[in-house]
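See structure below.
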Amino acid sequence: MSHEETLILVKPDGVKRGLTGEILRRIEAKGYVLVDLKMVQADRDLLTSHYAEHEGKPFFEPLVEFMSSGPTVAIRAAGDRVIEGFRSLAGATDPTTAAPGTIRGDLGRDWGLNVQQNLVHGSDSTLSAERELALWFG
Ligand code: RTP
Ligand code: MG
């Protein structure tokens, strides 16, 4: 499908570091439309559903802790191939190896501990996007 919607999150590290505006700017500069946007204090239930595929993995608990450590900005974004396009804007999961020019590559810090604090989330398929948009926006 070409015209799509995706769920983008500015994770608590991005909000705390004051990078929300810069991240929104990059999404808009690429030509994607901000359809809806809100600040959410995510609770355990929401995060357990959101990260269901990672439940049981060693990084799951620290990830939920981190993601509930402060507000997250949830964004419904639309555009042609926005799902793949935003993943490309975000860059690789680990900010240390994410390519320069990407959100994680340019703005992500190497905290030396883990790759949780990587600023953003973007849905990875049309199925994930539908599921995640329903979770965060109802
Ligand atoms: P996201 O879902 O947040 O867009 O990131 P992603 O697809 O690039 O990464 P994924 O594998 O889905 O992992 C989800 C988030 O979990 C944290 N993570 N920590 N080994 C670790 O400590 C580890 N691996 C993943 C990251 O915050 C990652 O974005
Ligand atoms: Mg993922």
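Every residue, even glycine, has its Cβ placed from backbone N, Cα and C.
According to TrEMBL, the protein carries these features:
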type	residues	note
ACT_SITE	His121	active site, pros-phosphohistidine intermediate
BINDING	Lys11, Phe59, Arg87, Thr93, Arg104, Asn118	ATP binding site
DOMAIN	3-138	domain 'Nucleoside diphosphate kinase-like'
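Shown on the structure are the features that TrEMBL records.
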residue : record           : DSSP class
Lys11   : ATP binding site : coil
Phe59   : ATP binding site : coil
Arg87   : ATP binding site : helix
Thr93   : ATP binding site : coil
Arg104  : ATP binding site : helix
Asn118  : ATP binding site : coil
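For Lys11 (ATP binding site) paired with the residue listed as 'active site, pros-phosphohistidine intermediate', the C-alpha to C-alpha distance reads 7 Å. Residues Phe59, Thr93, Asn118, taken from the binding-site residues Lys11, Phe59, Arg87, Thr93, Arg104, Asn118, are distinguished by a CB atom under 6 angstroms from ligand 1. Residue density at His121 (active site, pros-phosphohistidine intermediate): 23 other Cβ atoms are found within 10 A of its Cβ, drawing on all protein chains shown. Averaged over the domain 'Nucleoside diphosphate kinase-like' (3-138), the predicted model reaches a pLDDT of 95. Taking the C-alpha positions, the distance from Phe59 (ATP binding site) to the residue listed as 'active site, pros-phosphohistidine intermediate' comes to 16 Å.
Fewest other C-beta atoms within 10 angstroms, among the binding-site residues Lys11, Arg87, Arg104, are seen around Arg87. Look at the Cβ of each of the binding-site residues Thr93, Asn118 and count the other Cβ atoms within 10 Å; the largest number goes with Asn118. Taking the Cβ of Phe59 (ATP binding site) as centre and 10 Å as the limit, one finds 13 other Cβ atoms among all the protein chains shown. Max Cα-Cα distance over the annotated ATP binders (Lys11, Phe59, Arg87, Thr93, Arg104, Asn118) is 21 Å. Spacing of Arg104 (ATP binding site) relative to the residue listed as 'active site, pros-phosphohistidine intermediate' is 10 Å (Cα to Cα, whole number). Each residue contributes its Cα atom, and for Arg87 (ATP binding site) and His121 (active site, pros-phosphohistidine intermediate) those atoms are 8 Å apart.
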